[in-house]
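A short write-up of the structure that comes next.
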Amino acid sequence: MDSHGSSSFSSLKTYLLALADTPNRVARRACSASTSFDEMSRARSRSGSDMRRSLRWFDLVGFGLGGMIGAGVFVTTGRASRLYAGPSVVLSYAIAGFCALLSAFCYTEFAVDMPVAGGAFSYIRVTFGEFAAFLTGANLILDYVLSNAAVARSFTAYLGTALGISTAAKWRVTISALPKGFNEIDFFAVIAVLIITVVICYSTRESSVLNMVLTSLHVLFLVFIVVVGFYRGEWKNFTKPADPVHHPGGFFPFGVSGVFNGAAMVYLSYIGYDAVSTMAEEVRNPVKDIPIGVSGSVILVTVLYCLMAASMSMLLPYDLIDTEAPFSAAFREGSDGWKWVSNVIGVGASLGILTSMLVAMLGQARYMCVIGRSSVVPAWFARVHPRTSTPVNASLFLGICTAAIALFTDLNILLNLVSIGTLFVFYMVANAVIYRRYVSVGSTNPWPTLSFLFCFSLTSIIFTLIWQFGPSGKPKAFMLGACTVIAIAVLQLFHWVVPQARKPEFWGVPLMPWIPSISIFLNIFLLGSLDGPSYARFGFFSALIVLVYVLYSVHASFDAEEDGSLSQKNGEFMKESNESEDPGLKV
């Protein structure tokens, strides 16, 4: 085999030889993990220029607010309330926010210890190896692209509502030859995506300033909406539908299961804090700024979401809520003499949606950049422009992909697929933080930890299946109780028997392993609330990701290993404690 990095792809003959050797290469590379030192030094050098460290904690809080607010309330609330939870969508947001906060703790521990732009991809790569990281990272990229496409189409809907124009009739072109769900062409969504792509290519610092300005204005709009909603709304709308004959009433019209189904839907709202963790490489003081930025933004956004959902539920019975632009429509239809508020909300929502797209597209580009550093996708994506200090190649490529999807694809098709991918990634990070705490490569037996993670996940899956499909009654309650006792017993036994192999130097998840374990359970439980077609689409895309890994990525990383660019053998790494780290990366 030639020694240069592209030897497997230098000719058709060499590629066919590489394919014949695929089983051996997968066995060698799939579980090969990196180290935090490698991620922060050698891997980062593959981008050429460095990303400039210019962000502080308030920039991260601003990115978190901007990234989550627009995508959540103004895209998912109407659909979650109308179809899943009714007025109890307030609790759906609280549950999803609690779940996101636990996941945020897991992200924060990794981001403080390893402040690089790779986010979950890097965290999984240093714990479970290359293949798990690639599967996670590719799903993350897919989540970001699809969520940005969904938000872009919602931007068109809100802008149309603000101006009193029917979006479908005026601004979207219907092509009958295309299948339903992909036949409404949205050019305004494409224009919005392309403009933001240009902005994020220019400068991260200037992007932060723009985000802070737009987010500040947007928060003022939110406070205005909450105040007016509570002032003009009626408490009876929390329990009485407009059409009680055809729609169930009460605060829980779809039962307790509806609350969790709604939580799974609105979990898309919290994908923004994940984007904040990808900015770690550009933060001046990661130890101080990242915990405040990530956790603080999740808490603030959860409070805002619950107040917004309550305001909307007071303004209008849940069975009259518009699924695409719920807040503008609520004021337009439910508040006589206050219809002008609908226009104001439309403008504010449009600004908020633009900020969420800005933050998410910043995040997706950094994920792709770091995946490029690992050699599992072309190194072209890893390049950082020397003048702008931004990953221009990754930003342009993903911006074009997002615009193409936003042009065709219906909002409902996008949302469920994004939710399942996001929950899967958060589940993986929660597992990774436990594994990293309790396993030290070369000195600790990993099987007790892996056995615990498997048993706890299996118990959580059984609990979820019983909750979703078990017939109501005492047998169901007994089985759920038994699963709960078993899960707690397994968790406590692990806590007593297996000692932690490492303690975080600066910031760690409190109450280990309870908090990440609860996060694992909640992510599995919310995954169980999603519909079958979502799993079918997720399975299809995951199979496609595996195919790409087998046909390209494993051979590219094998070539990089032959060059000496990547770790040589599975499990043979320098111990983290002995690595000579650059102190400037952590303080």
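A Cβ is built for glycine as well, from the same backbone N, Cα and C atoms used for every other residue.
Caution: TrEMBL annotation is automatic and unverified by curators.
If you check TrEMBL, you get these features:
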- 57-77: transmembrane segment (TRANSMEM)
- 89-110: transmembrane segment (TRANSMEM)
- 154-173: transmembrane segment (TRANSMEM)
- 209-231: transmembrane segment (TRANSMEM)
- 251-273: transmembrane segment (TRANSMEM)
- 294-318: transmembrane segment (TRANSMEM)
- 338-363: transmembrane segment (TRANSMEM)
- 414-435: transmembrane segment (TRANSMEM)
- 447-470: transmembrane segment (TRANSMEM)
- 476-494: transmembrane segment (TRANSMEM)
- 506-528: transmembrane segment (TRANSMEM)
- 507-557: domain 'Cationic amino acid transporter C-terminal' (DOMAIN)
- 534-552: transmembrane segment (TRANSMEM)
- 565-587: region 'Disordered' (REGION)
- 572-587: compositional bias 'Basic and acidic residues' (COMPBIAS)
Composition by DSSP (helix, strand, coil) of residues within the domain 'Cationic amino acid transporter C-terminal' (507-557):
40 helix, 0 strand, 11 coil
Would you kindly check 89-110, 209-231, 251-273, 338-363, 506-528 and say which stretch has the most C-beta pairs under 8 angstroms to the transmembrane segment (294-318)?
89-110
Can you work out which residues elsewhere in the same chain, 6+ from the ends of the transmembrane segment (251-273), have a Cβ less than 8 Å from its Cβ atoms?
63-69, 71-73, 75-77, 79-81, 84-89, 91-93, 95-97, 99-100, 104, 107, 143-144, 147, 150, 238-239, 241, 294, 297-298, 301, 305, 318, 356, 359-360, 415-416, 418-419, 422-423, 467-468, 525-527, 529-530
Under an 8 Å Cβ to Cβ limit, what residues of the same chain, 6 or more beyond the ends of the transmembrane segment (476-494), are close to it?
448-449, 452, 455-456, 459-460, 462-463, 466-467, 470, 513-514, 517, 521
